[in-house]
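Below is one structure, written out as structure tokens; the observations come after it.
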């Protein structure tokens with residue numbers, strides 16, 4: 001591991017909101033193909049870290065690097081185009097758009113036909129839109145959502161909305177996928193299917209995945225390494241076994257069974 | 001064959017639109033349609049253009065702008081200056097109107113589109129008033145007494161401008177670029193996270209919208225013989241806003257239908273000047289009570305005809321004119 005350079009690297013990253021230090025000194029490295037978990041009690045700063053990595057917030061300290069390129073200060077859409085894509089804790093689909101169109105929006109950054117060609121309906125517009133549609137349907141098939149592709153996204157049942165959000169994030173063709181509590185609100189059966197799905201897309205798209213999760217069985221079951229955040233600081237990292245037996249982690253969870 | 005299927009609705013609409021054009025042209029030429037009806041028809045077309053252009057900004061991109069009369073005014077005065085002061089042909093006036101309004105849209109849009117919701121509404125309302133007050137105080141364009149403008153707007157001009165407006169807005173909406181705008185309306189944070197340059201698309205929608213408002217301004221200026229700053233107050237902005245909201249936010253056909261119907265209602269009510277605004281307001285209240293999502297909701301006319309492909313964008317608004 002040490003010889004390889006990390007794909008995504010956060011170096012001493014921190015952010016302050018006014019006088020409040022939400023995160024400080026977070027250093028994290030993700031290597032190509034890894035599936036890494038990020039856990040911590042409520043309010044530990046997990047989602048804040050996601051927001052820093054995706055450019056929603058600009059870090060006040062430290063550096064974030066993707067493939068050796070500094071991302072600090074880039075707007076979110078540019079960071080997405082460089083290869084970091086995400087899902088949200090509280091699902092954020094484009095409700096009034098169809099399932100198919102939701103995925104097409106994410107593929108937009110890879111469209112080559114210009115606004116003018118669309119307005120004038122030039123051949124490049126039709127070519128571009130056709131390619132887009134084919135790609136989008138391909139993604140929907142993987143997630144078994146092709147049967148509902150003309151439904152409005154807001155009309156899907158909860159589990160399918162979660163899946164659609166992951167499909168949409170993948171359609172942006174990221175190198176690193178950030179999943180913010182993908183199993184939130186799912187029953188054990190759905191969680192199990194989700195685990196399989198995550199493992200599958202990781203193989204299929206050669207992805208590196210960072211996952212926030214409260215469901216310990218999911219995190220312990222599929223993650224190779226785990227980072228633990230508490231009060232805005234990293235308190236532990238390592239394999240699931242190492243993390244599970246780490247006294248600091250046990251303390252952070254106040255004696256909660258970590259198994 | 002696949003392309004034909006996809007574009008069938010479009011070509012049917014184009015043919016319907018041109019048939020409508022030819023019929024009206026013939027009616028005007030033969031004198032069957034008197035001046036009153038021609039006036040109403042032109043006014044209707046101008047309102048449809050204004051409604052369609054604001055629909056792109058509010059209904060599609062979700063940017064609540066209520067200073068649309070400002071762009072309308074910029075277009076009207078820019079074209080009038082071209083034709084009246086500089087003696088240039090009407091075509092130059094129309095084009096200048098669009099470009100001037102678009103530039104105004106860019107100048108206003110770039111700084112103010114950072115604002116959201118109510119704040120953007122107030123900023124654009126302020127812009128509309130600034131334009132009106134500025135025109136009021138520029139002696140070159142006649143100040144409060146306005147400018148007299150030769151009548152140059154003809155039916156072919158009105159039809160061509162209307163056709164291009166609807167076509168461009170429908171084509172834009174029904175493409176990946178339009179979807180990018182809709183995604184901003186639906187959830188700006190998610191759109192950003194999916195790689196959409198949200199600022200660019202908000203400004204683009206604003207610029208295209210104001211361009212066509214400017215074109216409508218040129219037609220208006222050269223139809224009613226005189227333009228005055230008082231024609232472009234915030235009440236005009238609200239009129240346009242009402243077309244869009246009443247038609248159904250997000251539906252181009254809705255905005256078009258609402259503009260046509262309300263122009264008819266408002267023209268008809270001119271015979272009852274005392275009660276006109278009361279009845280007009282009651283009509284609005286009733287529609288909003290019984291159709292809170294607007295006449296069309298987010299649906300397009302085309303979706304009524306099961307041309308599934310056209311359903312998302314509604315290419316058959318060209319044919320919509322036939323309702324007029």
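Glycine residues also receive a Cβ, built from the backbone N, Cα and C atoms like all the rest.
Since we're looking at a predicted model, the values are computed, not measured.
According to TrEMBL, the feature transmembrane segment maps to B:9-29 (among others).
Per TrEMBL, the feature transmembrane segment maps to B:35-58 (among others). Tertiary proximity for the transmembrane segment (B:35-58) is limited to same-chain residues at least six positions away from its ends with a CB under 8 Å from its CB atoms, namely 24, 28, 64-65, 68, 72, 153, 155, 158-159, 161-162, 165-166, 169, 172-173, 181, 205-206, 208-213, 215-216, 219-220, 223, 239-241, 243-244, 247, 249, 251-252, 255-256, 258-260, 262-264, 267, 321, 324.
For B:65-84 (among others), the entry in TrEMBL reads transmembrane segment.
Counting same-chain residues at least six beyond the ends of the transmembrane segment (B:90-110), those with a Cβ under 8 angstroms from any Cβ of the stretch are 67, 70-72, 74-76, 78-80, 82-83, 123-124, 127, 131, 152, 157, 161, 202-203, 206-215, 217-219, 221-222. Taken from TrEMBL, the feature transmembrane segment applies to B:90-110 (among others).
TrEMBL lists B:117-135 (among others) with the feature transmembrane segment.
If one looks beyond the transmembrane segment (B:155-173) by at least 6 residues along the same chain, the residues whose Cβ comes under 8 Å of a Cβ in the stretch are 17, 21, 24-25, 28, 38, 41-42, 45-46, 48-49, 52-53, 55-56, 60, 90, 94, 181-182, 208, 212, 215-216, 219, 252, 256, 313-315, 317-318, 320-321. Annotated transmembrane segment per TrEMBL: B:155-173 (among others), in sequence order.
Annotated transmembrane segment per TrEMBL: B:200-220 (among others), in sequence order.
For B:240-265 (among others), the entry in TrEMBL reads transmembrane segment.
The annotation transmembrane segment is assigned in TrEMBL to B:277-293 (among others).
For the transmembrane segment (B:240-265), the list of distant contacts is 40, 43-44, 47-48, 50-52, 54-55, 58-60, 66, 68-69, 72, 166, 169-170, 173, 182, 185, 279-280, 283-284, 287-288, 291, 293-302, 314, 317, 320, 323-324: same-chain residues at least six beyond its ends, Cβ to Cβ under 8 Å. Away from its own ends, the transmembrane segment (B:277-293) comes close to residues 242, 246, 248-249, 262, 265-266, 269 of its chain (Cβ-Cβ under 8 Å, at least six residues beyond either end). Sequence-distant contacts of the transmembrane segment (B:65-84), counting only residues of its own chain at least 6 positions beyond either end whose CB sits under 8 Å from a CB of the stretch, comprise 50, 53-54, 57-58, 90, 92-94, 96-101, 104-105, 108, 120-121, 124-132, 135, 140-141, 147-150, 152, 206, 209-210, 213-218, 220-222, 227, 229, 231-234, 236-238, 240-241. With a threshold of 8 Å between CB atoms, the same-chain residues lying at least 6 positions outside the transmembrane segment (B:200-220) that come near it are 42, 45-46, 49-50, 52-54, 56-57, 60-61, 63, 65, 68, 71-79, 93-94, 96-102, 104-106, 108-110, 113, 153, 157-158, 161, 165, 168-169, 172, 177, 180-181, 184, 227.
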